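Asker: Encoded as structure tokens, here's the structure I'll be asking about.
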Amino acid sequence: QRQCQNVQNCYKYCMSPKKCEYGTCYCEPSP
């Protein structure tokens with residue numbers, strides 16, 4: 001579960017986070 005409060009929290013899960021929504025990180029597809 002990729003939890004976040006804002007998109008900055010997503011950098012620990014994603015190289016290029018797309019958004020934080022409903023407490024979950026969404027990542028851009030990796031190259």
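All residue numbers here begin at 1 and follow the chain in the order shown.
Note: Cβ is positioned from N, Cα and C throughout, glycine not excepted.
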Asker: With Cys27 as one half of a disulfide in Swiss-Prot, pick the other half from Cys10, Cys14.
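Answerer: Of the candidates Cys10, Cys14, the one Swiss-Prot pairs with Cys27 is Cys14.
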Asker: Could you check which of the disulfide-bonded residues (Cys10, Cys14, Cys20, Cys25, Cys27) sits closest to Gln1 (pyrrolidone carboxylic acid), going Cα to Cα?
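Answerer: Smallest Cα separation from Gln1 (pyrrolidone carboxylic acid) among Cys10, Cys14, Cys20, Cys25, Cys27: Cys25.
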Asker: Of the disulfide-bonded residues Cys4, Cys20, Cys25, which one sits closest to Cys14 (disulfide bond) when you measure Cα to Cα?
Answerer: Cys25
Asker: Using Cα coordinates, what distance in whole Å links Cys27 (disulfide bond) and Cys4 (disulfide bond)?
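Answerer: Checking the Cα atoms of Cys27 (disulfide bond) and Cys4 (disulfide bond) gives a distance of 12 Å.
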Asker: Which one is it: of the disulfide-bonded residues Cys4, Cys14, Cys25, which Cβ has the fewest other Cβ atoms within 10 Å in this structure?
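Answerer: Among the disulfide-bonded residues Cys4, Cys14, Cys25, the sparsest Cβ neighbourhood within 10 Å belongs to Cys14.
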